[in-house]
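If you look up TrEMBL, you'll see 39-289 marked as domain 'G-protein coupled receptors family 1 profile'. According to TrEMBL, the feature transmembrane segment maps to 23-46, 58-84, 90-110, 138-162, 194-216, 237-256, 268-288.
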Amino acid sequence: MENSTHFKVFRLAAYGDIGQLKYFYFAVVTVLYFVIILANALLIGLICIERSLHEPMYLFLCALFVNQLYGSTALFPALMFYLLSDTHDISLLYCYLQIYVLYTCALTEVSNLPVMSYDRYISICYPLRYNSIMTPKIICGLILLSWLSSFFFIAIIISLSLRLQFCGNILDRLYCDNYSVVKLACSNTMLNNIWGLLVTAVYVSCTIFPTIYSYVRILQICLKSSKKTKQKAFNTCTPHIASMLNFFFGWLFVILQGRYEMEDLPPILRTILFVYFLICPPIFNPFMYGIRMVKIRHACNKVLGLNHET
């Protein structure tokens, strides 16, 4: 261990010196945050008060929207503060808190994907047994499992990072991420790497394989079913598939940028790619589900008083 120091702050170097543009960026970020809060809170409230939406699929969606609001609170207020601030230092404690919230949000969303695909699988492949399988106890158990497992796994990641000593404190990021923090460590990071690989393997295997199996079975059923069944499957599965692809593309951008330095890309493009999975899904999902899912659309019209006879 050489030249290690007990740093109390990290410096977020990605903000750089943006001059008067900081007011423009601040306005954009503020509008995005307002849209995220408004869109997600609207659908959460709609699902809670509208009895026709008290079904497993919509309860899982409600959990997804709550999780997106949770993750957004760790990013947007900090972005807004640092855009206007002359200093871009972040305390070690707040850095780890930000990592914890952002990573638990990401893992919870990853956990929601197979749960929602399983729900669609049961609904389409076993419609007569759907209500007996997807009971309130099962629904609550699946939602709690996705949250508690992410809290547990990330708590261990943070505890392993807390013991590290660092050779530097400059993060070329807009926010703290665990990979960048660990790269600055002078102390042994083998346990961090092993646990990180283990968590990744568990979540990838528990997400991708069940989701693929569910959609393969749905496709098999649809190929042998009536036009009405195919239309139902298309209407309910398309938003989920689009949401899943959107999230994984965003996550892939972060992983690639963390592992491979992309100096050839313009700084603004690198920044957009790095915050994509934290900004686009919370905006994209409410509008996708709100527009594509008929019951949500009708309930929204009813609550807003837009219903009329056709």
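Every residue gets a Cβ built from N, Cα and C, even glycine.
Just so you know, TrEMBL annotations never went through curation; they're auto-generated.
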The transmembrane segment (138-162) in contact with the transmembrane segment (237-256), cutoff 8 A, at least 3 CB pairs, sep 6+:
no
Determine the mean pLDDT over the domain 'G-protein coupled receptors family 1 profile' (39-289), rounding to the nearest whole number.
86
May I ask for the residues of the chain that lie six or more residues beyond the transmembrane segment (90-110) and have a Cβ under 8 Å from a Cβ within it?
7-12, 64, 67-68, 70-71, 73-75, 78, 82, 146-147, 149-151, 153-155, 157-158, 161-162, 175-178, 181, 199, 203, 207, 247, 251, 277-278, 281
Do any residues of this chain, six or more beyond the ends of the transmembrane segment (58-84), have a C-beta under 8 angstroms from a C-beta of it, and if so which?
12, 15, 18, 22-23, 25-26, 29-30, 32-33, 36-37, 40-41, 43-44, 47-48, 90, 97-98, 101-102, 105-106, 108-109, 112, 115-116, 119, 139, 142-143, 146-147, 174-175, 275, 278-279, 281-282, 285-286, 289, 295-296
Under 8 Å between C-beta atoms and at least six residues away from its ends: which parts of the chain pack against the transmembrane segment (23-46)?
53, 61-62, 65-66, 68-69, 72, 76-77, 79-80, 83-84, 279, 282-283, 286-287, 289-290, 296, 299-300, 303
